[in-house]
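Report on one structure; see the data block that follows.
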Amino acid sequence: MDKLDANVSSKEGFGSVEKVVLLTFLSAVILMAILGNLLVMVAVCRDRQLRKIKTNYFIVSLAFADLLVSVLVMPFGAIELVQDIWVYGEMFCLVRTSLDVLLTTASIFHLCCISLDRYYAICCQPLVYRNKMTPLRIALMLGGCWVIPMFISFLPIMQGWNNIGIVDLIEKRKFNQNSNSTYCVFMVNKPYAITCSVVAFYIPFLLMVLAYYRIYVTAKEHARQIQVLQRAGAPAEGRPQPADQHSTHRMRTETKAAKTLCIIMGCFCLCWAPFFVTNIVDPFIDYTVPGQLWTAFLWLGYINSGLNPFLYAFLNKSFRRAFLIILCCDDERYRRPSILGQTVPCSTTTINGSTHVLRDTVECGGQWESQCHPAASSPLVAAQPIDT
């Protein structure tokens, strides 16, 4: 998100060696973001099991937003930073800035939707999740991730609402004394800084924190319930009751998936929090934050656009397998073994006269799908499969 004079480079400029090092680093960041996000999109498009998981629709849309950042925003910022000049005109400066705000806001909205999807999947019963996350609702959420950011990007920026009261300061900072040229400067007044930051960062961040906290609490409670039922089931039936490894493994898988998404969200916040905190503070201290600091915070946020695909590769088994298949040219060694024809039993546990069905599950696309459908007669939400 190109804010204030975040793109303004040092008044002294860079030496030849510094320019080479800087250009190499920025090029690596851009290339990593392009290839990584393309890999995520191709993986989901080619892998049928990944396409079955509703969360991955948000992940693909997020990858597309990050891909657009790396193609439409970052290269022009890198060129200006290295050359110490903006050569594309004032109108394209406004367009690029609007795209920057739009795509950055869309990214965090996607992460917020992912956290809500995981909340309904893990904290609610399967029927509630199916009723909440219908194809129509998913489509509306995805549409909102792209449409709502337009009201804090293209609309106010093109109308000049962000620079009301600070036009003279903007004109002063646009001028490049070293080359008698201009920079692409984007400064914001106090109302826009507060509104944009609250809508684009602070409200979604609060929702994500609440959602993931509930997921953490629910996952711990589910694990405790499974252990209690397994221990109580053995003496009630008069014979040793083997541990329901499938149910336990399923819960571990869901918990690990939630932790993975928490790490992704945490990296996003670490990358963008310095920028958004400074974005609110700077207008109230007469815009005294150095341009170099803005540039550092801005590119720290850009790095996040290339970071998510690598988090998927290292932390998510299904994505890791899909990436290996693509990179290794469809090597058969990395394909999933077929689960067709497998017989997966259901184990039961009796407590105080009530029968609790612990559904055995098989792994499918990194998620766990039920292979039997008897109804449990107790509040054993932990034993219910999560349809994602």
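We count from 1, first residue shown onward.
Using the three backbone atoms N, Cα and C, a Cβ is placed for every residue, glycine included.
Here the structure is a predicted model, which means the values were calculated and not measured.
Feature annotation from Swiss-Prot across N7, N352 places N-linked glycosylation site at N7.
The record in Swiss-Prot pairs C93 in a disulfide bond with C184, which is drawn from C145, C184, C196, C262. Membrane topology from Swiss-Prot places V17 together with E90 on one side. Confidence across the topological domain 'Cytoplasmic' (315-388), taken as the mean pLDDT and rounded to a whole number, stands at 50.
Around D100 (serotonin binding site), a 10 Å sphere centred on its CB holds 27 further CB atoms from the protein chains shown. Counting residue by residue with DSSP, the topological domain 'Extracellular' (284-290) contains 2 helix, 0 strand, 5 coil. Neighbour counts of Cβ atoms within 10 Å were taken for the disulfide-bonded residues C93, C184; the minimum is at C93.
Here the transmembrane segment (134-157) touches the transmembrane segment (93-117). Their Cβ atoms form 3 or more pairs under 8 Å, with each pair 6 or more residues apart.
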